[in-house]
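**Student:** Before I ask anything, here is the structure I am working with.
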Amino acid sequence: MSEFRLQQLKSHIVSERRITTMSGSPSPLTTHVLNTALGVPGSNMTIRLYQQDRSANVWHLLTAGTTNSDGRCPGLITQQQFVPAVYKLHFETGQYWASLGQNSFYPYVEIVFTITDPGQRYHVPLLVSRFSFSTYRGS
């Protein structure tokens, strides 16, 4: 097994709680993009996090970022910003696949979820290929 692959596997085993925001405190919301077609992290994918304003039925952009070489996007939201609400993670999957010289059936993927207890930690990974995607709630 190559040194690069061993390093990738090791990074997947490391606890999510070690991912921190710029302020140094752990982010209560994390994500991880995995390219299941190639068996590698989904690096360099643009992600946006929104919060729904139910009274006006609009989405407010909270943060935007790009996944790192491990397919993670640390620092999505601070504990202070993380309140009970409906959130949406928007993944630019079409651009990601185009950067790899391939097309995709899904131009983007949006995962909408409700947070009722912001004191918990939430992990919302995206497993993606050109013609399918899956997600689940981790911790």
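Quick reminder: no glycine exception, Cβ is built from N, Cα and C everywhere.
Automatic, uncurated: that is what TrEMBL annotation is.
Note that the structure is predicted; figures quoted are calculated from it, not measured.
Dumping what TrEMBL says about this protein:
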type: DOMAIN; residues: 24-138; note: domain 'Transthyretin/hydroxyisourate hydrolase'
type: BINDING; residues: H32, R72, Y136; note: substrate binding site
**Student:** On a simple 10 Å Cβ count over all chains shown, which one of the binding-site residues H32, R72 is most densely packed?
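**Tutor:** Sorting the candidates by Cβ neighbours within 10 Å, the top entry is R72.
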**Student:** Over all shown protein chains, what is the count of other CB atoms within 10 A of the CB belonging to Y136 (substrate binding site)?
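**Tutor:** Total other Cβ atoms inside 10 Å, all chains included: 10.
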**Student:** Let me know the largest Cα to Cα distance in Å among the substrate-binding residues H32, R72, Y136, as an integer.
**Tutor:** 15
**Student:** Taking only the residues in the domain 'Transthyretin/hydroxyisourate hydrolase' (24-138), give me the average pLDDT of this model.
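**Tutor:** Mean per-residue confidence for the domain 'Transthyretin/hydroxyisourate hydrolase' (24-138): 95 out of 100.
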